[in-house]
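Features of the protein shown, as given by TrEMBL:
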BINDING   C:R48, C:K54  NADP(+) binding site
BINDING   C:R125, C:S126, C:S127, C:N237, C:A238, C:G281, C:K296, C:P297, C:T298, C:S299, C:S300, C:R322  FMN binding site
4 protein chains.
Amino acid sequence: MSFNTFGRVLRFSTWGESHGPAIGAVVDGCPPGLALSEADIQPFLDQRRPGTSKFTTQRREPDAVRILSGVFEGKTTGTPISLMIENVDQRSKDYSDVAKAYRPGHADYAYDAKYGFRDYRGGGRSSARETASRVAAGAVARLVVPEVDIFAWVSEIGGDAIDPAQFDPAEIANNPFFCPDPVAANRWEKLVDDARLDGSSLGAVVECVASGVPAGWGAPLYAKLDSELAAAMMSINAVKGVEIGDGFAAARLRGEQNADPMRPGNEGPVFLANHAGGIAGGISTGQPVKVRVAFKPTSSILIPVETVTREGEASDIVTRGRHDPCVGIRGVPVVEAMMALVLADQKLLHRAQCG
Amino acid sequence: MSFNTFGRVLRFSTWGESHGPAIGAVVDGCPPGLALSEADIQPFLDQRRPGTSKFTTQRREPDAVRILSGVFEGKTTGTPISLMIENVDQRSKDYSDVAKAYRPGHADYAYDAKYGFRDYRGGGRSSARETASRVAAGAVARLVVPEVDIFAWVSEIGGDAIDPAQFDPAEIANNPFFCPDPVAANRWEKLVDDARLDGSSLGAVVECVASGVPAGWGAPLYAKLDSELAAAMMSINAVKGVEIGDGFAAARLRGEQNADPMRPGNEGPVFLANHAGGIAGGISTGQPVKVRVAFKPTSSILIPVETVTREGEASDIVTRGRHDPCVGIRGVPVVEAMMALVLADQKLLHRAQCG
Amino acid sequence: MSFNTFGRVLRFSTWGESHGPAIGAVVDGCPPGLALSEADIQPFLDQRRPGTSKFTTQRREPDAVRILSGVFEGKTTGTPISLMIENVDQRSKDYSDVAKAYRPGHADYAYDAKYGFRDYRGGGRSSARETASRVAAGAVARLVVPEVDIFAWVSEIGGDAIDPAQFDPAEIANNPFFCPDPVAANRWEKLVDDARLDGSSLGAVVECVASGVPAGWGAPLYAKLDSELAAAMMSINAVKGVEIGDGFAAARLRGEQNADPMRPGNEGPVFLANHAGGIAGGISTGQPVKVRVAFKPTSSILIPVETVTREGEASDIVTRGRHDPCVGIRGVPVVEAMMALVLADQKLLHRAQCG
Amino acid sequence: MSFNTFGRVLRFSTWGESHGPAIGAVVDGCPPGLALSEADIQPFLDQRRPGTSKFTTQRREPDAVRILSGVFEGKTTGTPISLMIENVDQRSKDYSDVAKAYRPGHADYAYDAKYGFRDYRGGGRSSARETASRVAAGAVARLVVPEVDIFAWVSEIGGDAIDPAQFDPAEIANNPFFCPDPVAANRWEKLVDDARLDGSSLGAVVECVASGVPAGWGAPLYAKLDSELAAAMMSINAVKGVEIGDGFAAARLRGEQNADPMRPGNEGPVFLANHAGGIAGGISTGQPVKVRVAFKPTSSILIPVETVTREGEASDIVTRGRHDPCVGIRGVPVVEAMMALVLADQKLLHRAQCG
């Protein structure tokens with residue numbers, strides 16, 4: 001099935017293809033009375049916007065969002081908020097290569113197998129362009145959880161990781177990589193540029209922390225906060241792995257190392273560690289919620305790869321066009337948006353059951 | 001919210017606590033006419049059953065499943081299948097410690113924060129005992145996808161990994177660790193036993209492969225096959241990380257390394273690699289679907305950990321009782337069950353939309 | 001699909017067949033901390049219980065409910081509440097007639113067309129016995145909306161209606177028909193008994209009022225309070241029509257007749273009429289919520305009806321066994337239960353979005 | 001909650017207010033490969049379009065639909081279909097009356113009670129204008145069930161019913177009332193015009209038949225075909241009652257009268273009657289599916305009605321503006337659309353479970 005909707009009571013649905021007239025999202029279930037205008041959304045879209053440096057795709061999209069419903073006199077009404085972003089730079093490119101042969105690592109073959117055919121222009125529905133809709137929806141979700149502070153960064157590109165000792169959140173906005181370590185950012189300039197010039201691409205790891213989440217959001221089982229976050233993050237294009245807290249590293253610890261001891265504090269218990277990433281038994285503990293997300297290198301590269309055509313003949317393919325040499329970079333605002341959307345949904349769900 | 005249901009058209013709901021009279025699952029949406037009896041389910045429960053070796057909890061549960069509805073004259077009728085497993089060995093233990101103080105790493109504090117109180121007997125709803133219901137439901141799901149072969153194994157315990165060169169699926173059933181490498185299995189005997197004798201616990205990594213999945217199951221976005229798998233696996237107790245295909249390792253590859261080249265084959269395209277883990281753009285490619293799952297060491301240990309009481313006073317706590325020194329081991333049949341449940345659901349969803 | 005679940009955040013799933021070992025319901029999403037024991041549920045089951053007068057089926061079922069999960073120390077924990085009712089009086093009847101030929105008006109033919117076969121014992125899943133599960137779940141839902149008072153009655157049997165001038169709620173419990181008009185109750189004794197002796201059956205109309213519902217529950221569109229009530233009532237066996245407020249009679253009024261004028265009152269606006277049945281634009285107005293439900297005469301009758309066999313041959317069929325001459329009578333506690341379940345769900349949904 | 005989505009696997013979400021820039025629908029889960037263009041949708045919108053006779057509102061809306069996604073080279077791709085209709089005739093009216101006082105029978109008071117405020121321009125989200133989105137979505141749904149023929153008509157206005165003996169489907173398109181009885185259509189001209197000139201309004205009954213539905217669509221319980229239809233119809237603005245088949249009249253029949261006897265036929269069983277309206281046990285029987293829907297008279301009338309202001313003071317209100325004297329008339333294409341949407345969803349659900 002298609003199922004282009006995410007969330008349980010704060011739900012959003014996205015629509016649109018890379019090269020159609022527009023893309024958009026409908027956010028349903030937003031509480032009424034929140035101040036909302038395009039100005040609350042646009043800055044987040046600008047963060048994700050392509051064409052802002054040579055390290056991202058050169059497609060020029062203003063990504064200007066319009067609110068078509070759900071807001072009256074500057075406030076949300078509680079009815080669906082329709083957000084639309086027009087596609088502007090749909091360069092009249094020749095897609096005959098992509099139409100004829102499958103790009104390995106892309107969804108081309110899987111789409112044809114499922115649907116019998118596909119919109120091959122720029123990836124169609126499978127394009128990362130869809131994530132603009134998520135970022136717009138996420139900006140609305142942030143208004144639902146004003147008590148929460150969410151920020152993400154790139155912690156690793158092509159296997160080159162930041163130095164945790166150099167971590168400085170203030171640096172994130174100072175370079176085109178959302179990198180909190182200025183030394184790593186310098187290294188990455190050359191690393192990413194080299195990959196770009198090679199016609200290759202690089203993977204990345206994005207980390208995200210949400211602080212201010214009170215204890216008690218989430219659920220014991222299939223709406224577990226960590227399960228919802230895993231679904232949300234893994235639904236982003238190019239993501240292949242998700243960790244909560246220590247993630248796979250926790251599998252190498254012993255029980256006493258992995259415990260997050262507690263001590264009395266002035267406002268409730270204080271944790272002495274956060275291996276759990278702020279979630280125990282599927283429910284937030286009041287500690288910062290921490291997620292790590294692995295982005296594969298984009299499959300759109302200029303280096304020829306062996307493939308087959310729709311007719312089943314052997315071929316080589318290169319993916320010309322305007323592509324991100326490291327798609328994980330622009331994943332940062334998308335990861336933040338998904339974090340906001342999950343937390344806002346869980347907040348409302350918690351309120352439903354527990355008042 | 002509680003939301004103890006998973007799946008979209010093949011859905012299952014579980015209920016029950018560790019020390020209540022019974023636990024169970026209701027499987028809804030199963031196709032009619034499938035041969036089903038308790039004998040189709042029991043072997044999978046026996047795999048997960050506690051008390052079968054000194055490397056798992058000593059709680060003695062026969063875990064005998066009863067089918068209470070949805071089957072007539074040996075075949076599924078298309079109506080809900082109610083599965084019940086009685087709790088037998090609810091030893092009259094003293095839970096006053098757990099009632100009074102929070103076990104770090106457990107859901108105790110989070111439950112209290114959410115619900116105001118909790119069933120503290122053996123973890124209540126947050127107990128891994130719930131996973132027996134999943135295994136039972138998963139056995140039904142397997143009947144829905146007879147074309148698929150699913151098997152999982154432990155690939156790493158406490159940081160000690162198997163040697164891929166020694167991988168032999170036939171070995172998995174020959175040791176109490178679901179270990180496909182007999183040499184590693186030998187090492188793990190001492191490793192796990194030492195942890196047990198120390199009153200400590202170990203994490204583990206479980207891998208699962210489903211072969212025979214045809215190309216075309218899944219969906220472009222929020223019902224992506226990988227997103228559903230991530231949600232399913234992360235909903236299992238003690239899981240902190242999920243990878244599809246190469247997972248985090250893909251983030252360290254370049255585009256041309258991570259591509260899965262295709263060549264013509266006798267029955268459609270043949271892939272020359274499977275970095276993607278059998279999923280592209282959220283849809284199966286026809287290659288084996290591969291998942292890796294990180295289990296943390298259980299927090300139930302005999303080594304004292306600093307904590308606070310419900311009244312907010314400092315305390316130390318040890319978790320007496322019968323616990324798994326490495327909860328990931330018994331996670332193997334649970335991971336398989338969740339894989340079966342997701343694939344069965346996706347098969348039916350695919351059939352709904354694409355006929 | 002099967003979809004044996006109803007509700008959005010307070011959800012219940014039912015399972016079980018007429019002649020299986022048991023039937024049951026799982027209630028998910030119930031707020032924590034509510035006092036709940038079997039004694040809160042049993043009285044409602046006793047109201048619906050068969051065999052209490054000659055005007056209902058003579059099947060003898062104690063309908064004793066067991067709570068298997070979700071309650072600890074007498075209070076709901078917020079986790080799923082599993083309710084089970086054993087089937088006791090499954091008389092070893094000969095069902096070969098029903099197995100061979102389709103009972104007109106029953107689900108027999110439709111089930112075979114859908115599933116290829118069916119559990120023909122006593123109607124299987126399509127038996128009104130399933131409604132016991134709803135009544136049990138409804139008893140839990142009532143605890144979620146203590147501010148609401150729900151009661152239903154039979155207003156018409158076989159076309160013979162009560163006299164509204166004689167309406168006395170106190171009479172409802174005084175006769176086997178849930179009839180608020182003692183004069184009508186007298187008439188119905190003969191009416192129903194005659195139908196029973198004829199081997200025939202009668203339809204009925206059930207009305208239900210919920211008072212105490214505050215203004216603001218419901219939603220503008222597809223989760224409209226009236227839409228949810230219509231789905232809930234039409235999902236009850238034998239129901240063929242649902243009206244909110246004046247229902248079809250409103251279609252014969254002019255706008256000024258159908259308006260519910262408002263005047264200022266001490267505690268907010270006071271309505272001078274309630275044609276709308278307490279719902280405007282899908283949202284409660286604070287007036288009593290009113291529903292009317294039409295039950296057809298049961299199709300299980302001793303008068304022969306023309307039919308065909310599974311092999312497609314002409315036949316006549318009579319439905320021997322123990323049947324209700326007027327199934328609408330025992331529909332009263334079921335209608336009340338569905339009202340409670342819808343209102344409880346809507347209360348929690350309202351709290352989710354509007355705090 | 002808002003919940004502006006309907007359907008289970010073929011789902012549509014609507015958005016937009018009466019006086020916002022646009023309204024729209026997103027249709028998700030549509031099978032791929034169906035030929036679809038605006039020309040498949042526009043004729044149904046034209047049927048519902050206001051301003052086509054003096055018997056409907058004089059608001060002039062071209063209701064031109066645009067497809068923004070989900071279609072490539074003239075065929076559905078299986079991805080979400082975004083449909084947008086711009087609002088053109090948003091006359092700069094003075095809404096201060098409506099802003100200040102509650103129109104009885106309208107959603108004004110309920111919205112304020114729920115959300116704290118409301119978009120009062122032309123009813124905002126509660127305006128029947130939303131139904132244009134449904135009609136557009138319904139046109140897509142019709143393509144999913146080409147085997148089904150759906151048509152609806154007005155059978156009664158203001159209590160004046162058609163003569164069943166005069167029923168001629170060919171007449172429906174010949175008058176502005178969707179009336180299949182030309183004599184009744186003549187009477188209604190005066191009836192509706194008189195109401196219009198009085199500044200009053202009239203209720204109506206709409207009937208809808210879907211023929212060609214094969215036996216087997218639907219489900220035993222909470223996704224019953226009749227339950228889904230009831231929810232769908234009751235979700236339409238101004239609807240207060242829904243009947244399946246004989247509906248309330250069935251409550252006045254005896255069992256043998258209400259049975260639909262079966263005889264062998266050349267292509268399976270033949271039914272000798274259709275009291276059930278084509279549905280037994282929640283599943284289609286292969287007979288025509290029949291629904292009757294009661295529309296109340298619109299509450300927007302020029303006759304003053306007693307009300308209160310937002311400040312709680314007594315007032316009288318008249319609803320100036322451009323309103324339908326009988327909103328049920330334009331309900332005909334909406335009822336057809338909802339029938340198509342429910343049937344298409346049920347077809348796909350049936351295919352999911354039963355292949």
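Quick reminder: no glycine exception, Cβ is built from N, Cα and C everywhere.
Sequence features annotated in TrEMBL and their locations in the structure.
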residue	record	Cβ contacts under 8 Å, 6 or more apart
C:R48	NADP(+) binding site	C:D63, C:T131, C:A132, C:V135, C:R330, C:V332, C:P333, C:V334
C:K54	NADP(+) binding site	C:D193, C:R196
C:R125	FMN binding site	C:G16, C:E17, C:S18, C:D119
C:S127	FMN binding site	C:E17, C:S18, C:N237
C:A238	FMN binding site	C:A128, C:F295, C:K296, C:T298, C:V327, C:G328, C:G331
C:S300	FMN binding site	C:R103, C:H106, C:S201, C:T319, C:G321, C:H323, C:D324
Restricting to the record's FMN-binding residues (C:R125, C:S126, C:S127, C:N237, C:A238, C:G281, C:K296, C:P297, C:T298, C:S299, C:S300, C:R322), give me the longest CA-CA distance in Å as a whole number.
44
Select one residue from C:K296, C:T298: among these binding-site residues, choose the one with the most other Cβ atoms within 10 Å of its Cβ.
C:K296
What does DSSP assign C:A238 (FMN binding site), in three states?
coil
Hey, does DSSP put C:T298 (FMN binding site) in a helix, a strand, or just coil?
coil
Taking Cβ atoms only, which of the binding-site residues C:R48, C:R125, C:S127, C:A238, C:T298 fall under 8 Å from chain B?
C:R125
Three-state secondary structure of C:R48 (NADP(+) binding site) from DSSP?
helix
Using a Cβ cut-off of under 8 Å to chain D, which of the binding-site residues C:R48, C:K54, C:S127, C:A238, C:T298 qualify?
C:T298
Secondary structure at C:R125 (FMN binding site) (DSSP, helix/strand/coil)?
helix
